[in-house]
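Peer 1: Per Swiss-Prot, the features are:
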SIGNAL    1-26  signal peptide
DISULFID  C41-C89  disulfide bond
DISULFID  C55-C77  disulfide bond
DISULFID  C63-C121  disulfide bond
DISULFID  C78-C137  disulfide bond
DISULFID  C91-C149  disulfide bond
Amino acid sequence: MASNKVVISALLVVVVSVLAATTTMADHHQEQVVYTPGQLCQPGIGYPTYPLPRCRAFVKRQCVAPGTVDEQVRRGCCRQLAAIDSSWCRCDALNHMLRIIYRESGAADAGHPMAEVFRGCRRGDIERAAASLPAFCNVDIPNGVGGVCYWLPGTGY
């Protein structure tokens, strides 16, 4: 008889725990938590249309002469990257920034990693510099590995 009471008590504890967890999950989802970027990570919505001007300057200088970047430019870049409200949108903003750099220099949006974007700077080098900015600036990105954005050339991911 005592063992039946223990079993019933244990089952009751499990049921109450499950109900509490379910209520917590329901409350959490009513707050409309966004888990993926979807339509929000677009120029002018999730980040500025002309994003990260300090990061553009930083990446260009890093590409041409690694290690020679002004501390003020580096801090400005990190501030601009951290200011993007949704951490999900940071890699998209960096990818959009790269496309702007390519257009400004007359390079195609997609191309061979060894192709020169501008004098002394290859596409692969500038892409690696941009992709590693979240880790360098110590800002959160939920869609990268070790703080490094990953994307396939020309796709934005």
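The backbone N, Cα and C atoms fix where each Cβ goes, glycine too.
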Peer 1: Measuring CA to CA, name the entry from the disulfide-bonded residues C55, C78, C89, C91, C137 that ends up nearest C121 (disulfide bond).
Peer 2: C55
Peer 1: Compute the C-alpha separation of C91 (disulfide bond) from C63 (disulfide bond), stating it in Å without decimals.
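Peer 2: About 18 Å separate the Cα atoms of these two residues.
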Peer 1: Using Cα coordinates, what distance in whole Å links C77 (disulfide bond) and C149 (disulfide bond)?
Peer 2: 16
Peer 1: What three-state secondary structure does DSSP assign to C121 (disulfide bond)?
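Peer 2: The residue in question, C121 (disulfide bond), is strand (DSSP, three-state).
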Peer 1: So which one is it: of the disulfide-bonded residues C78, C149, which has the fewest other Cβ atoms within 10 Å?
Peer 2: C78
Peer 1: Neighbour count, 10 Å Cβ-Cβ cut-off, for C63 (disulfide bond): what number do you get?
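Peer 2: If we count other Cβ atoms within 10 Å of C63 (disulfide bond), we arrive at 22.
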Peer 1: Work out how many Å separate C137 (disulfide bond) and C89 (disulfide bond) at their Cα atoms, rounded off.
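Peer 2: C137 (disulfide bond) to C89 (disulfide bond), Cα-Cα distance: 15 Å.
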Peer 1: At 10 angstroms around each C-beta, which of the disulfide-bonded residues C41, C91, C137 has the fewest other C-beta atoms nearby?
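Peer 2: Among the disulfide-bonded residues C41, C91, C137, the lowest count of other Cβ atoms within 10 Å belongs to C137.
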